[in-house]
């Protein structure tokens, strides 16, 4: 990386994002949560779906968080989903080359969400990090609580 790139990077707003998603039953009712932090500012996001999977909710959390950013940012994104972190950092480029097929020629699961995540990533500089879930990491614990709150709200709404 050149010093010009370093200068450019320091001028981009720095955002730390924590995401989590989950399901009660898999598939079943699910929720996702995200926290976005930049300097003194913090924003919490959450949502739910009546019939989904935990992997879909993990992907949705990352997509929604990145799509919320209204300008190019330098992002640290923390997820407890190895599926999301490995998918976006290791697997996706081969999926694209193979026309959204896996190495065994099967269609990529959740391809529409992976495509949406890839598009959401394009405008940002992102460092992807994995954190062990339910291990006391404050940002991950809060994102998990938001996902559970969204599932609770869904249950109260009778969906």
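Glycine residues also receive a Cβ, built from the backbone N, Cα and C atoms like all the rest.
TrEMBL: automatically predicted annotations, no manual curation.
Close to residue 58 (Mg(2+) 1 binding site) in the fold, though at least 6 residues off in sequence, lie 19, 20, 21, 32, 79, 81, 83, 84, each with a CB less than 8 Å from its CB. Annotation comment: TrEMBL describes 20, 58, 80 as Mg(2+) 1 binding site.
According to its DSSP assignment, residue 20 (Mg(2+) 1 binding site) is in a strand. There are 32 other CB atoms within 10 A of the CB of residue 20 (Mg(2+) 1 binding site), with all protein chains counted. The Mg(2+) 2 binding site feature in TrEMBL is assigned to 20, 144.
What TrEMBL lists as domain 'RNase H type-1' is 11-152. For the domain 'RNase H type-1' (11-152), the DSSP counts in helix, strand and coil order read 58 helix, 47 strand, 37 coil.
Of all the binding-site residues listed (80, 144), 144 has the fewest other CB atoms within 10 A of its CB. When the alpha carbons of residue 144 (Mg(2+) 2 binding site) and residue 80 (Mg(2+) 1 binding site) are compared, the span between them is 10 angstrom.
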